[in-house]
Each structure stands twice: as structure tokens, then as C-alpha cells.
Protein chains: 4
Amino acid sequence: MEKLVGDDLQEGMIKWRRDLHKHAESGFLEMRTASLVAPYLESLGYELKWAKDVMKAEERMGVPSEEILDAHYSWAEQNGADLDWLPKFKGGMTGIVATLQTDKPGPVLAYRFDMDALDIQEDMAEGHMPFENGFASLNASKMHACGHDGHTSIGLGLAKALMDNKEKLAGTIKLIFQPAEEGTRGAKSMVEAGVVDDVDFFIAMHLGTGVPTGEFIAGNSGFLATTKLDVAFKGVASHAGGKPEEGRNALTAASSAVLALYGIPRHSAGASRINVGVLAAGSGRNIIAPLAEMKLETRGETSEINDYIRSQALAVLNGAAAMYGVEVEVDIVGEAKSSMPSSKLVEDLAAIAEESPYFTKVTAWSTDAAGSEDATYYMERVKELGGSATYCIVGSDLAAGHHNERFDFDEASMPAAVDVLLRSAWNLNNK
Amino acid sequence: MEKLVGDDLQEGMIKWRRDLHKHAESGFLEMRTASLVAPYLESLGYELKWAKDVMKAEERMGVPSEEILDAHYSWAEQNGADLDWLPKFKGGMTGIVATLQTDKPGPVLAYRFDMDALDIQEDMAEGHMPFENGFASLNASKMHACGHDGHTSIGLGLAKALMDNKEKLAGTIKLIFQPAEEGTRGAKSMVEAGVVDDVDFFIAMHLGTGVPTGEFIAGNSGFLATTKLDVAFKGVASHAGGKPEEGRNALTAASSAVLALYGIPRHSAGASRINVGVLAAGSGRNIIAPLAEMKLETRGETSEINDYIRSQALAVLNGAAAMYGVEVEVDIVGEAKSSMPSSKLVEDLAAIAEESPYFTKVTAWSTDAAGSEDATYYMERVKELGGSATYCIVGSDLAAGHHNERFDFDEASMPAAVDVLLRSAWNLNNK
Amino acid sequence: MEKLVGDDLQEGMIKWRRDLHKHAESGFLEMRTASLVAPYLESLGYELKWAKDVMKAEERMGVPSEEILDAHYSWAEQNGADLDWLPKFKGGMTGIVATLQTDKPGPVLAYRFDMDALDIQEDMAEGHMPFENGFASLNASKMHACGHDGHTSIGLGLAKALMDNKEKLAGTIKLIFQPAEEGTRGAKSMVEAGVVDDVDFFIAMHLGTGVPTGEFIAGNSGFLATTKLDVAFKGVASHAGGKPEEGRNALTAASSAVLALYGIPRHSAGASRINVGVLAAGSGRNIIAPLAEMKLETRGETSEINDYIRSQALAVLNGAAAMYGVEVEVDIVGEAKSSMPSSKLVEDLAAIAEESPYFTKVTAWSTDAAGSEDATYYMERVKELGGSATYCIVGSDLAAGHHNERFDFDEASMPAAVDVLLRSAWNLNNK
Amino acid sequence: MEKLVGDDLQEGMIKWRRDLHKHAESGFLEMRTASLVAPYLESLGYELKWAKDVMKAEERMGVPSEEILDAHYSWAEQNGADLDWLPKFKGGMTGIVATLQTDKPGPVLAYRFDMDALDIQEDMAEGHMPFENGFASLNASKMHACGHDGHTSIGLGLAKALMDNKEKLAGTIKLIFQPAEEGTRGAKSMVEAGVVDDVDFFIAMHLGTGVPTGEFIAGNSGFLATTKLDVAFKGVASHAGGKPEEGRNALTAASSAVLALYGIPRHSAGASRINVGVLAAGSGRNIIAPLAEMKLETRGETSEINDYIRSQALAVLNGAAAMYGVEVEVDIVGEAKSSMPSSKLVEDLAAIAEESPYFTKVTAWSTDAAGSEDATYYMERVKELGGSATYCIVGSDLAAGHHNERFDFDEASMPAAVDVLLRSAWNLNNK
């Protein structure tokens, strides 16, 4: 078995990855990233679409405010963005789809790569490899702590490798570069824009997730469906000593809601979760609180279970508001489905991975709970329309867990990922 | 100063009081009582009205069930009721108004006497006077523990004394015998039937309340407005282990409501109260509770404050039901207002009481909080229509506090009450 | 394949079952039942132990009060109990172990049969077979609605069949007749008395549970561990209007606890449950509630998960009491473990059942959640000491679900049960 | 009647007041203020004590952090503080007592003036007099919105007037300049340092409070006792999806506490209040919240009622922590008592005010609820030691309510205050 990724490409991916890591951009702010991804793909010969041609703006969830979008645009301008491409991604429309039309007929195969970082302050301390090697994030309180810098670099490496091997390929290959996977906010906007409506095979991938370097999992079925909700209770302030009866207390409404939310009954069909992670209420010690804001999330082993928890949660929120005579506003700022990979594709992909020299252990199926993922939007759409879909894991030794301030992955897993994905393109579309 | 109550009348009142005490009947069950009161008043020459002519049936609150009404009717038949009159009070329509039209023109003056006992088991033990003297209640779990047996007897005594002194009186005198003062359930039905719409002077009285024998208070202003509410949350049962998601939990809805009810903000204009005294929910340990029933009450130093607490409580109850997807039913089973006695009448009555040989101390005003009283319904109606009203206290040494199972009052206070009320009739209507 | 149960035994079992059904006795009240079971087993030649020789009195949970035990003893006296044996079971010590020592050496094999009925009022209506055939329960509000009347009859039938085939058997066979399986209250007292400490093979069985007549499941692994708790919050009464600050409110403490109990976080290792099925608090509308009583239960997919939920629940209960300045008392009135059947025994038993002419479908394993079962106490003890244990299901068509007032099972499943259990005794002890 | 305040002094006070307003300093940050007050009083001939000689550092409540204290010290250096005096007030020890020993024997008379501003952003808009006249606060988010700039200026004006009239005075006169009245945080530290232990007459004053220019109230008895509490619940974070059972949820503990705090029963002896004005909990949507912080306050019509509410609140906080297995820390960051002015002093002061040409209406007593005041600490100490104390109101027309961002008072009330206080010094000490 021959490694399909040469040293040059391997080094290129490391360079890209470190540049992206140093300029971490969180959900819908991937403007600098997109402005560099797009011209490279164009230079390779891909047909490109971006922004509103591959995203429905109104289907994005949890988009930052105009002020933040504008401020970040300026930051990108001053931090190495491609100034020709940057304006195309203004306002957080940072999705890109690159298409390679081969000369042979065949199926449509799509790969998804997510590009966003997290709102975490990277650890600037000895022993943290990105810091020691000078590529820790320059963007304060933003950090690639989940490996999407690696995913984007793998996407670019795959793009290069596919084009280098174009004559061996068949059908159509699409590379989807997606914003805002964190918080499960971005996929829906691209799916609703139709980017996978013609797709026969869909593959999403993730580095790490507890799987060590040298291992590969072809089908991960453990994603929980989830909904992320921002809630605001709006009451009326009054002086708590002087006129307690004139207030409408948003803080007590929120407290009542919190207790009832955690008390939503378990579902007999499988695991469910609910969490109110953040609550901020009130303005002064002696004022009846006029405002209480909560960040909460629901999860379910299946989309149906998550729907049950979410609908109970909405009843709780509305009821709590009514109890205390306050208003409540609920925004859905993220949502993902559960999705089962397609059996045949999982088995085929496992067999393909067995051919790769990078992996010493290949597993077809994993049911490890791996949180939530909005790749499930693509998977469900593709399967609905008759295609096959899977979510695979490329093992990578980690310095610390995902979302930790000292997260780092093993860069050697990037050529492994390109190798197996390139093999999948050859194999699946030539059958 | 001459005592206006002769020995015969005094002994008669004691006899009546002990008979009523022995046959205690609680709210809207005063059928035996009414069946004995009515023919006596008729025999004296009063013009009588009763039942639906002096009560609006639908304005009664907290009426016992048909089963209880029927069972008690049978009890009354077998325990000495006047069988000619008993049928007239069937179904709990036990109010009576007796009118004396004097020969002289003058104002309309009304006195209110309440007739009901409490749902308390009388103490059958040494040292409790009614037990030792053989007139403890024969009616299990019913007891005259607030002195209304005395009030009724005073009403009959006053009726006799007025008729004996008819030639000295002027105008019109009405004696109102009311059911169901406990729980503040009966007055509204008589007021809404118009029994005080023509009244110029209204006097309600109470024995005891902490005031010793020999003292008199002409105007008590300390009554809290109150509302009594029965609440039922109705959910859906399900097996808590097998199908927790199929239940709609009435018990958690009630628990949430309880916490929010106690948390209703204080009112800056004066004292308020709320209490959930009873909560009963659920049918089995492993069943999601389909039903939760609560008994609660609100109070306010003024009717406005009570209205505020009650309206907040209703919002809480409805909101809690919505939170948990259950239904809620709320019945108002009692209600009383706050009411300030009329100044001139209080002062006049105090001056009249100074003439009575029974009292060694007369006080015009008291603001002692004395719980709630539905006599306030009459008072507010009379004042609205331009008349004057008061609530007076005839002191009486007590063996134990009101509503205690060993309650007993000093029977010597009965002639004192008749004396001062008779003097008030002479005085007020002849001015 | 030959049926091992003759017509006589089949008819005998039906007669027993109908007699037991007609005289339903709930947990620890199985005095009449035991008084009939014991002499029959003795007459067959079994060596008998009972009451304190097979039960630790203090390890029983949820024992009825002395009044109830005494009253039921009288009922049993008057309703056909064996008056020689009845006194031995006084006070709810109703467990029996019958031992058959064969002539050949071999392992110790034990079977568990539960004898108790439920606190349910049987439906006395057309279409309910026991009613139509004159054997509906004479004991008001007690009903065999889970089939333990059948289990007891199967135990007696097996006793007869074993003795009839004694010469073919090896080792020792123990028949355990247990009280109070409902509420998982009785097993622990027998296990702690050591009744299975010498056992090599342990088999418990249940009729029905959704499995139709003609089917058999050799190993059910779906039992949830559970704890049943009775809780009393004890506060101080005071007049809610007059002295609200003097009360210590047990009702609010309970309400706070309820919300926190339902909010105990899910466990990532598997399913958990909590339910407060019953809450009764307070004495009067205008009294701060001095007492609140709750019935609650916890469950877990494993004993560890149940332990987690229970320990969190205890923290909640103690904390809620502290919040409101009240006392709390917690009684554990039932408890069961989760338990995984022994693989080899399950497979052996499935193979044995394949030999029985009564079954058209045999399944080795089922993981269907089947609530909780205190047979798990025996299973865990036997496995701890090196033996094997399983819980098998003998299919039986049901007229209505378990614990329903119209529950009835197919009596044809009784000989099927005896057949397979007799085969297991032959087979397991002769290997 | 002659006005005792000349034009020069009146203009001087306006100048001072505007300078203080422009350089607003909140509680314990009154370093610039104190650095200007002290040398002026010294220049007039007063004997001065300050910082640890008049304050117990550890009895201060709600002291800002070291960072804030240091940063503000720098601000004061750069904004006109007296650089000789400024170091004496470092670290927030900003209290000053100036004593005038007259030549005649007589009682000790003390006046209290508070110097602190509020954490409010002043309105920078047309129509707001301080903004239009160029003396709106330069210190961002700090504003004299309660008139303490006026109080300090009155204190300085009185100091000048007393010294100008020294020959007419008797006994000893103390002027107390106090930090951090807002939040009732500063008085206790000065009282505990003994500054009024020798005082016979104590007078505190306030401008405005709803009383118009030209009116004077000699004794305000409506202050509520209060306690201000900062609470932190400290739990354990965990991933809400992955390991919910490993967290200890501070947010739910706080929510439970909030509901129970608002539910603390009313007190029959008088008004009470409780408010949780601010709650901030949690770090991320999908993290079990490890920290929840609350700002709350209790109030009572008497110190006893406040003590009752506070002790119930502490039980709630500890119980809620126990329920959820978290720690709780409670800091008392402010406290004030209720205090009844001394009758004789109130009447004397009212008679004195009648002599002042500035007042057209003088009232002896007011019971208007006026929030809470830590002047009550001095009052209670003085009365305990046998002296007399009062709290008087000098009327002043207001542009907007106290603590409003557009608050402004009528500067004409400053000479009125000096006039009546100077008269009180003459009168009280010469009797």
C-alpha cells in the first residue's frame, strides 16, 4: 500500500493549518478563512459558488450582531485576508462549494469541511504546542479548540490531491466548506440552499474525538439531536422596598422556569438532556429585575426525543412567563438532528480504509455519544432523496480534550485523512 | 341604670344556646337551627322571609355536596328539627329575615346574627363545660367553637325583647339570621338578594374575640379582606417507569404554583397574606399524578390589596398549569371585604353602651386584627347606599380561643348583648 | 415430546388458582395463602421452614401497621385459613421454604414463587372472567392483578410433579414461597435470612408480561433497580393570617423538594427515573401546614444508577427540610436491584424449553424493560456466591395489562410453566 | 427673623457642590472629596481625626476590590485631589471627624454628613441642569444622584458658620463626614470606632426625599432596617450532554433559593421585604453551571423583623446548597437598623426650625417610608448610651427622583439647611 499524500502536500497542510489556527475565526466570522480558501480552490480549477448561492441567509442560526460582523470584517482586512475575495463574504455569508466535474459519468459525491473556531481564550503557556511554535491565536478569545483548522486544511489538501488525480476519477465531486458548525448553526442554511440535493454519496469527517492516531471509524451513529435556545424574560422594574407590587419579576420567572425545565420527564424511547447553562438577570440589588436572559439546550437520542424535550421546554417557558406576568422571547440559535449512517456506505468506506497505509485499526461502526453535529442535516437530506451518507472519524492523538484551552491534535492525522478520502472518491464513484 | 333583660329571658337564652350547641350544624347545614328559629320568630309576630326570598342560591360559596346536604337533612329530621319548617330550608337555603314594622315612622335598622358551627371535633373531656353539662355536640366533627350558638340565641332574645318593647320603638327593625359565616361563604348571597338595600343602620356583633366579659367595643375596623380558593390541577396519569413522557403531572404543577404563590410580592399599601393550607395529589407511587387539589386563601388589609393578591394568584395558577400542560380549575369558595365602620354610628353606639349596666368599660374603636368576617359585605352595601354600619364586640370570657376544641364563652354575656342592642334600637330609630 | 403435566394436576392448579384469586391477600398479609400452601407441601413430603427461620423480620420493607395485620388475621380466620398453620404466619411472617432432598448427590436448585396480591379493587362487571366465573376477590380492594395467584399454584403444581418424579432427580431442590414482591418489599428479608446461600442454580419466573401463550423467554435482563421511599416533612402549624412567621411550613418544603427531585440530572451510563407519586400535606386552609407526606420512587438501569439517583434524592430531601426549618423523615419501604442473568444458565434453560411441547417459540434473551423485581436480590446473592441465576418468562395471553382492574391470564400457561420447570430440574441437576 | 447664611457662604457652597458633583466618587472611593474636605476644616481651626482613628476597617461592608481602590486613587491624583492629604485616605479609609471645642461647658452635639455618589451614569442631555451648566460627572458611571454632594457642602458651610459664631456656642460640636452611605455600608465602621460614644445630641439630615423647598421635617421615623447580602453558590462544572451526573449545579441551587426567598412568610408585627435583584450564573450553554452569584436584600419595619427575614434567608441559602450538593458563601455587604427619633429632640428641633426664615412649613414627625439609612447606627448607639438622636429632612425641589440619572436638587436648600442646623447648635447646647 502506497501513501497517496506526498511530502509537499503534507507540509502545505501544516502551513495552512497553522495560519488558520493563528487567525481563529468563530461561527459566521470565517471571513479571512473563506477569503483564502476560495482563491486557492479557484486556482486549482474548481468551479466555485459562495455566499447566497450556497446559503440561505435566513436559515442561519445564532448569527452575531451587525456590530460584531462589521468589527470582525475590519479585523480580517488588517490580518491578511484576500482583499479581492473578502467583500464576497461580508455579513457572515462565509460558505463555499467547490465542484469538480470529471470527464467520466458517475455519481455525485460530496465532502463537508467545517471552518469555524470557538469563543475560547487559548492558553498562552509553556507546553501548549501552538503557543510554543508561535501560532497560538492572535484573535483574542477565539481559538481553534476543536480541530476545524485541521478540517479546512484537509479539505484544501483533498482538493489538491483530487485535481492531481483527476483522470482516475468519475462523476462529480463537491467540496463543501461550511461556517458555524459549533452551536450547530450553519449546516441548515447550506442544506436549505440545496447544496446536497443532487448528491449520491455524502461524507463528513472529524479528527480525534477520542480516537487515537492510526485508527479510523467509518460510521458514527452516536450524535444526539439538539436545539439551542436563547430566552429572554421581560418584566417591569420597580423599587423592591417602595413599590414591590408594581414590578413584574423576570428573575423569579426565570428561576421557576429553570426548575421546571430540569424536571421535564425522561423519555422511555432513549436518552434525553436539558441544560440551562447561563442565566443572567437583574440590574440592581433593590430593583425588581426587569430582564432575565438564559442560554439553554435540549438533546435527544433521536430527533423525536429532542422534539419532545423542546416542545415541553417551550410550554414551560411560556407558562413561567404567564405565572409572573412577564413576556418571554425565545430564539432558536442552533439545531441539529440525529442521523444514522447508511449501512452499505459505512461498510464500503471501512473496506476502503483497510487499503490505506495510514491506519492500523479500522472499525465500521461506533455508537459513542459524540455530542451533536449539524452534519446530520446533510445526512438526513441526502438519505431522504435516495442517497447514502456517513460521518467518519479519523483518529488523532490529542493534547487535551475538545473545547479545552490547551486542545491540540496530531498534525500527522491530516495526510491520513486526505489519503482515505481520496481513496473513497476513486472507489465510490467508479463502482 | 336598669337591666333590660329579665331572668326568664336570660334562662331562655341559655336553654336555646345549649340546645344549639348540642346540635351543631356547619355552613349551609343549619337546617335544624333554622327550622327552630323561624317558628319562634313567627310566634312573636315578626313578618318572615326565608330561603330564596332572602338568598341568591348561586351567590353562596363553598356549598356542601348534594350527598352531604341530603344526609344532613335526614340527620336533622331525626334530631329534633321542626318538621313543618325543615323542608323550607332543604338544599342549604337556611337564611331567615324577620321584620318588625313599628307603628311610628323612622329609619330601617338591621342586626345580623350568624348561625353556623365549625368542622371541628369537640373535646369530650373533663374540664370542658359543655361536656360536663351534657350539651357537647352530638353531631360528630361539628362544633360551635366560635360562639355562633350564642349569637343565634342573642338574636332570639333580642327578638323577644324588641317585641316586648314594641311601643317604644320607631321605624323598621330587621333581624337577619345568616348561614355559613365561617369561611366567609354566606353573607354575599343574602346581600345580593337585597336584604339590606333599604337599611339605614346596620349592626353586626360578635362575642369574645379576646375582649373580656363586661367590656364593649362599638366599632371594630381590623378585618382583613379575604378570598378562599379551591384549586384542582388535572393532568394525565402514566406509568412513571414505563412511559414517563406520556404523563401530564398535576403534582409538579401544584408544587410550582405553591412556591410562586408564597412568592407573590408584598404590597406597599398594607398587610397581605397568602396560604396554601392543604395540598393532596397523586394516586400511586409509580404513577404520574393525574390530579392535585389545593385549598388556599388570600388576605389583604384592604379589599384592594386582597384583590391584588388574588389576581396575582390566578395568574400563577394558570401559568403553572400551562408550564406542565395540565388543566386548572379554580373555585372561589369564600370571600369577604375589609370595611371601616361609620364614625358617627360608632360614637353613638359607644355612648349608648355607656348607659348599659352590663359594661364597666366601653371603647369606641378597635383596630385589632380579627381575621376576616363576611359581615363586611352588608357593611359595604349599606354604606354604598348612604346608610351607616358597624361591627361591635360584646366582651365574653373564654375557656379557650376561638376555633379551639375546648372553646366556650361566658353565657352571662348574652343578656349584656341583648341589653345594648335593645338600647340601640330605641335610641337610633328615635333620634 | 410428551406433556409432563397430567389432567389431574392441571385441574388442581386451576382450582388452587381460583381459590387464591377469590381470597386475594396483599404484601405480608398472605396469611391464609401460606396457611394452605404449607400443609400441602408437608403432605407431599417436603421438609418445611417458615416465618423467622426463612425471613429476617427487620429486613422486611413497607410492612403494614399492627392494626392492619391484626384485622387481616381475623379475616383469614373467618375465610378458610388452615387454623393449625395460621398462627405460624402471624404478624406478616408469611415466607415458606420447602426442600426436597433427592437420593442422588448433585447441585442445589431453587425456584422462587411470589404469593401477594395488589391493593386494587377488582372490576365486578360482565366480561371479566373471574367475576363471571364467581371467583372475583372477596377481599375488598385487594386483587390478584399480576398473576401471583398463578405463580403460587404453579409452585404447588411443580411441588407435586417433582415429588412424583423424585427418582429421576438429583441433588437438592428448594421451593421458595415469598411474600410482598409488589413494591419489591419481601425478597430482601428472605435473602438476608440465607435461603439461597447454598444455591447453585436459581430460577424465578413470571407469567405474561406481554409474552403470549406458547412462548418462553429464558433470561430477562431488563429489570430496573429501584428504591421506594416514604417521606414525611414535619413542621410547625400556625395561623396563616395571624402569625405567619411562627409556622414552619412542611407543604412548601415538600413542594421545593418535588421540583428538585424531578430535576435530578440524568446519568450518562443509562436510563434513570424518579417519581413523586403521592403528596398529601396540610390540615386546614388557614393553617401553615405542619405535615407533608410523599411517596416516591427512584429507578436505574443499573443498581449504580439507582444508587446515584437515590443519594441525590436524599440530599434534596434533607436540603429542602433545612431551607424551611422543618424536620424530614425518610423510610425505605421497598428496594430492588438490577441483575443480569447468567449466560450459561440462560442458554441451557432455552435449550431445555425447546424440548417442551407447550412452547412454539423460545427466546434466550429479552431486554424488555419490565419494571422492577425483587427476585434480583436472590439472583445477585447467588451469583456473588458463585452460582448461576436467571429470570424466565412463561408466555400467557392477558385480558388486560398487569395491575389493571380487569387483569386475567390464560390458565393454560400454568401446566406449561410446570412442564418447563420440571424439565429444568431433571436437566440442570443431572448434568 | 434673620437669615444666618450670607451671600458669600451661599455662593461658596454652590461652588463646592458643583465641584463635588463633577468629580463624583462612590462608596469608599471618596478620596478626592475627603482630601479637599479635610484641609478646609483644618484651616477653619477644627481639630481633625480621620481614617483608622474614626473608622474600624474591618467593620466596613462592601468595600471595593484592591484593583478598584488603586485605580481610583490614581484617578483622584490626576483629578484635583489635595496631594498632601490624599495618601491619608488610601484604601478607602475616607471618614473624617472635625471637632470644635467651645469655650463654654455644655453637651456634645454631632452632625452627620455623607459624601458618596452612586454607580449610575449621569444623563448627558439637554434639560439636565448639571450637564447644561458644565458640572456633570467626569467620572464615568458615577453620579451624585442622591444629593450627598449637597450634604458635604452643607457640612462645610455649617463648619464655617459655626466657627464664625463660635462665641455664641457652648459645649462640643462634632462634624462627621462619612463614606459609603449608599448600600448602608459605611456608618457601622465609624460607630464601632466610637465616634458618637460621647455624644448627647445627634442630628443627621437629608435633602429632598419628596419634601419641597421651604419645608422641614424634624423627625423621620420611617426607615426600614435592612441587610444587603452577596451570595455565591459554588458547584462543579461538567459537560451537560456527556456527563450530567458529574456536575453540581449552582444555577439550579440559586433558582431554588430564589423561589424560597421570595416565599419567606410575612411577619405579623409589620412590613417586611426581600429582593433578589441580581442573579448571574453559568459559563456556557452546554456546561453544568459551576457558579451562581446573587445580590439580595432584606428589609423590616423594625430591626427585629429584618432579623427574622435575614435568618430565614440564611436557612434558605444553606438548605438550597445542601439540596444540590454545592457550597454557598454569604457576605453581608450592608446593614442598617430601624430607629425611632427621640421625642424631645424632635419637638425641640421643630420649634427651632420655626424660627428659621427659610421654612414656610415645619412638621415634627414623618413616618413616610424612606428606604433605609445607616444613620440609624449612630442613632441607636447614641440612644443606648443615654443621648438623643434624630433624622431631619430639609425640603428641596427635585428635577427627578433620587437615584435617577436626571436627579438634581434645588441649591437654595443648602443655606436653609445651614441656617437650621446652626440654630440647633446655638439652641440645644445652651439650654
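Glycine is no exception: its Cβ is also placed from the backbone N, Cα and C atoms.
Where the annotation comes from TrEMBL, it is an automatic prediction and has not been curated.
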Which of B:His21, B:His403 shares the Mn(2+) site with B:Cys146, B:His148, B:Glu182, B:His206 in TrEMBL? The record says B:His403
Winner by Cβ contact number (other Cβ atoms within 10 Å) across the binding-site residues B:His148, B:His206, B:His403: B:His148
For the domain 'Peptidase M20 dimerisation' (B:230-319), how many residues does DSSP put in helix, in strand and in coil? 33 helix, 31 strand, 26 coil
Mind telling me which of the binding-site residues B:Cys146, B:Glu182 has the densest Cβ neighbourhood, counting other Cβ atoms within 10 Å? B:Cys146
Could you name the residues, excluding B:Cys146, B:His148, B:Glu182, B:His206, B:His403, of the same chain that surround the Mn(2+) site, i.e. Cβ within 8 Å of the Cβ centre of those residues, in sequence order? B:Asp114, B:Asp116, B:Leu118, B:His144, B:Ala145, B:Gly147, B:Glu181, B:His402
Where does B:His206 (Mn(2+) binding site) sit in the DSSP three-state scheme? strand
Does DSSP give B:His148 (Mn(2+) binding site) helix, strand or coil? helix
Which state, by DSSP, holds B:His403 (Mn(2+) binding site): helix, strand or coil? coil
